[in-house]
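K.L.:
Under the heading region 'Disordered', TrEMBL lists 102-132, 148-179. According to TrEMBL, the compositional bias 'Polar residues' annotation covers 117-132. Here TrEMBL flags 157-167 as compositional bias 'Basic residues'. Taken from TrEMBL, the feature domain 'YDG' covers 261-406. Sequence annotations record features per position, and here TrEMBL assigns domain 'Pre-SET' to 481-542. Annotated domain 'SET' per TrEMBL: 545-681, in sequence order. Residues annotated as domain 'Post-SET' in TrEMBL: 691-707.
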Amino acid sequence: MEHHFGQDTAHASGSFDKTRVLNVKPLRTLVPVFPSPSNPASSSSPQGGAPFVCVSPSGPFPSGVAPFYPFFISPESQRLSEQNAPTSTGQRVPATPISTAVPINSFKTPAGAANGNVGSSRKTTRSRGQVTVTEEDGYNNVEIVEVDGDEETGTGRSKRKLQKKMKGQQSGGPGDIDPDAVAADILKSLNPMVFEVLNQPDGSRDSVAYTLMIYEVMRRKLGQIEDSNRAANSGAKRPDLKAGAIMMNKGIRTNSKKHIGPVSGVEIGDIFFFRFELCLVGLHAPSMAGIDYIGTKTSQEEEPLAVSIVSSGGYEDDVEDGDVLVYSGQGGVNRDKGASDQKLERGNLALENSYKRGNEVRVIRGLKDLQHPTGKVYVYDGLYKIQDSWVDRKTGFNVFKYKLFRLPGQPQAYMIWKSIQQWTDRSASRAGVILPDLTSGAEKVPVCLVNDVDTEKGPAYFTYLPNLKNLRPTAPVESSIGCSCVGGCQPNNLNCPCVQKNGGFLPYSSASLIADLKSVIYECGPSCQCPSNCRNRVSQVGLKFRLEVFKTKNKGWALRSWDAIRAGSFICEYAGEVIDSARVEEELGSDNLNDYIFDSTRIYQQLEIFPGDTEAPKIPSPLYISAINEGNVARFMNHSCSPNVLWRPVIHENKNMSDLHIAFYAIRHIPPMMELTYDYGTVLPLKAVHRKKKCLCGSVKCRGYFC
């Protein structure tokens, strides 16, 4: 059972035993402390004594005065405190915060914790009104105020607390940034129709998609700026929380009205990588608590009813059955410091009332993120009803248990993850497998070839080629000798030529996600001295997701992933033979060959909410790649008018020549077993050889054709 309470927080951080604080006498009973006189002879005379001195318990202390328990501070801490004293101009000199400091309010009596706490099952401590989360979504040491299940005093207070912390970080040092200014720049670049969609009273698939895309762009941009400003060994500053607080404050969200039942625009099986995403789309309001509820009027009193729960491994929930969930109530349990009875109040009372009333409850399951071990993936598993409740005393204390059953007729969500896990550990076989590895070992990760819809034995013959095959010289670019970052490029090294070419930032986050919307990415290449695992070589490491080439019912062969893919993740490059424009004209005459040629001169709208992203990226020279005879998994990606994948030109540093590649990245979070698609674009002006082909993407925004 996960550790949720704040009773041992002080010990974990190297602070004092809080039980001793109860023995501290009130200040009015202490004998006044006087500084030692400089002349010992005068100390015998009352008239020669020093005047009474009032000293703050936390210092600074004049000569001869010592601090008393529990307000003892180290000399280094006292030096920092003195540095933070007002100057002659009335301003305070910012001091470095003491990471091990324990807030005074953490000495309060601990209260209950919430099921479904943020992040991984690493250490989480909680006391009443105070939460400290360690290692969630790859970030460390963040403090958030939250009250379980109470939107008004919980999420709202968390947001206000975060905004205060943000304001305090916006001034003082050269590494500080103004998150609101960054957000304003991003919002200015949005298509005006985005705000028209978000201003609708009811949510929609578009409003959910736009909200999450804006959040991702803002979160990654804030993270990129902070990453480049802070020292390499300092902790992250939670750009996910900053971006979420800004969007909540500006009203950039959807489905803001809490209700029971489905959420407009959120589909069963949708995935989320941050708890704030659940808040922004209206799926689950508390940013920390595992039980969300509303108040309803019954007779003369108002009673809470549960609307959603998050089961993320914080409590001993039984999640083995895909259609049944045994959910533990919140509060009362602490494996390190003993336990206490859970109380039938707030979230627990809401679940009990929902059991009696029989209302639907949304269930979000938190699963381990295989690509980012310190984070989690939150899967919306649909609507459940509570069919039983009881009190469990296995631990010697009362723990409320609720048994929920999934409503029939809903699409699979969590069960897809269960099936993939069974394929992985080979407790069950994947149906329809033709080849276990289409690449024949050319990729580090095998690519399965599957047909479970008809009897076709595979696509037309081709040679698997994991990289680009260049048959002609590449175009020259600005002369450069590459970087000399022997240990790898660092985001705060402005002397690195690779950082300079990317506008002063590394193009990828520490989680290997594309950090912003630049049209061209400059990666390290053969002329750079950094190692192969440098974080600026993301597209050069090959496949990292377990991909599957599969047969569709009406679109031929396609591509999907066994793994969840996080927005901004590199998926693959377009491999094949580099050809010239004359060869393109020749091969485009055949309808069968058209789909296997990549043309960088086409017009694309890869992100519809950003109008500036509607033209071909500016690259040194046009690039045409034929994957007809030789290619990789990218040749199987189908066209869609509403794609979930985009491409970017990537230039590898190679002395005075451009080494140009085409890389594909996830536009949004992509659940397992969802088809990967990108927009093939349009060739302008159209010529006779550019034949229009009927589009079968099935999107509500389908243009009807592509060419």
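Yeah, the Cβs are placed from backbone N, Cα and C, and that goes for glycine too.
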K.L.:
Near the domain 'Post-SET' (691-707), which residues from the same chain, at least 6 beyond its ends, have a CB less than 8 A from one of its CBs?
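P.N.:
Sequence-remote neighbours of the domain 'Post-SET' (691-707) are 205, 554-555, 591, 594, 638-642, 677, 679-683.
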K.L.:
For the domain 'Post-SET' (691-707), what's the mean pLDDT in this predicted model?
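P.N.:
Taking every residue of the domain 'Post-SET' (691-707) together, the mean pLDDT is 86.
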K.L.:
From the DSSP assignment alone, can you count helix, strand and coil residues within the domain 'Pre-SET' (481-542)?
P.N.:
8 helix, 6 strand, 48 coil
K.L.:
Go ahead and report the DSSP secondary structure tallies for the domain 'Post-SET' (691-707): helix first, then strand, then coil.
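P.N.:
Computed counts for the domain 'Post-SET' (691-707) are 0 helix, 4 strand, 13 coil.
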K.L.:
How many helix, strand and coil residues does the domain 'YDG' (261-406) contain under DSSP?
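P.N.:
Secondary-structure breakdown of the domain 'YDG' (261-406): 18 helix, 62 strand, 66 coil.
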